[in-house]
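Student: Structure in structure tokens, see below.
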Amino acid sequence: MSLFPSLPLLLLSMVAASYSETVTCEDAQKTCPAVIACSSPGINGFPGKDGRDGTKGEKGEPGQGLRGLQGPPGKLGPPGNPGPSGSPGAKGQKGDPGASPDCDSSLANPERKTLQTEINRIKKWVTFSLGKQVGKKLFLTNGETMTFDKVKALCAQFQASVATPMNQAENRALQSLVKEEAFLGITDEETEGQFVDLTGRRLTYTNWNKGEPNNADSREDCVVLLRSGGWNDVPCSSSHLVICEFPV
């Protein structure tokens, strides 16, 4: 039996089968030819171009960024108020005894002698120009006149007292300084007619002028030395020469 008559028949069967598959694909897809639609997926193409920017969105809530670096130190502020005092510290230990001042005293003696010599020289100069020295008293005047209370205050300022003669020699020394009436440290302010010195002691020496004291107008409670050397009672509010008495 020959094979060639069967070949056309075989080809016809294959075409019929192929056609049958094509019709079935159209019924399922109903689009492009069955050969393209029913073939295997192709290879992916190149990416397309970027699309246009969309519309601008609404502003978002503020966010918190990363913590920055520490900044430089600021300027110094004003000083604060002083704080309260602290508690007292513990008592320290007793210190060692100090060095003996023997050497210092030996050096001070010559200096002390020099100073005393200078003081004596000044005393002599002052006595010669403005005062008189009698025994252990030095009488000095500044040549001013003032009331009795001011005379007392001025003499006290120099650790002295108002001149008070206790004997004839002292009275003569004061008389040599007087070119006008000078206050003496004698009053009867406490008891009228009873004259005492400024310490309250009764007088053991007096040299009243004739007819004195007379307490004229009942207000003469102080005493002045006249140029003649005699004494006279006067009002304490009157102004007379200042003479102070210094111990020597």
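Each Cβ is built from the backbone N, Cα and C atoms, and glycine gets one as well.
The coiled coil annotation in Swiss-Prot covers 112-130 and is backed by similarity to another entry. Here Swiss-Prot flags 42-99 as domain 'Collagen-like'. Per Swiss-Prot, the feature domain 'C-type lectin' maps to 134-245; the stated evidence is sequence analysis. According to Swiss-Prot, the 4-hydroxyproline annotation covers Pro47, Pro73, Pro79, Pro82, Pro88, on the basis of similarity to another entry.
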Student: Cα distance, Pro88 (4-hydroxyproline) to Pro82 (4-hydroxyproline), nearest Å?
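Tutor: With the alpha carbons as reference points, the distance is 17 Å.
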Student: Tally the residues of the domain 'Collagen-like' (42-99) by DSSP class, grouping H, G and I as helix, E and B as strand, and everything else as coil.
Tutor: 0 helix, 0 strand, 58 coil
Student: Summarise the model's confidence over the domain 'Collagen-like' (42-99) as a mean pLDDT value.
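Tutor: Taking every residue of the domain 'Collagen-like' (42-99) together, the mean pLDDT is 79.
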Student: Write down the Cα-Cα distance for Pro47 (4-hydroxyproline) and Pro79 (4-hydroxyproline), rounded and given in Å.
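Tutor: Distance between the two Cα atoms comes out at 72 Å.
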Student: Measuring CB to CB from Pro73 (4-hydroxyproline), give everything in the same chain under 8 Å that is also at least six residues away in sequence.
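Tutor: Listed in sequence order, there are none.
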Student: Do any residues at least six apart in sequence from Pro47 (4-hydroxyproline), in the same chain, have a Cβ closer than 8 Å to its Cβ, and if so which, in order?
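Tutor: Looking at Cβ-Cβ distances below 8 Å from Pro47 (4-hydroxyproline), excluding near sequence neighbours, one finds none.
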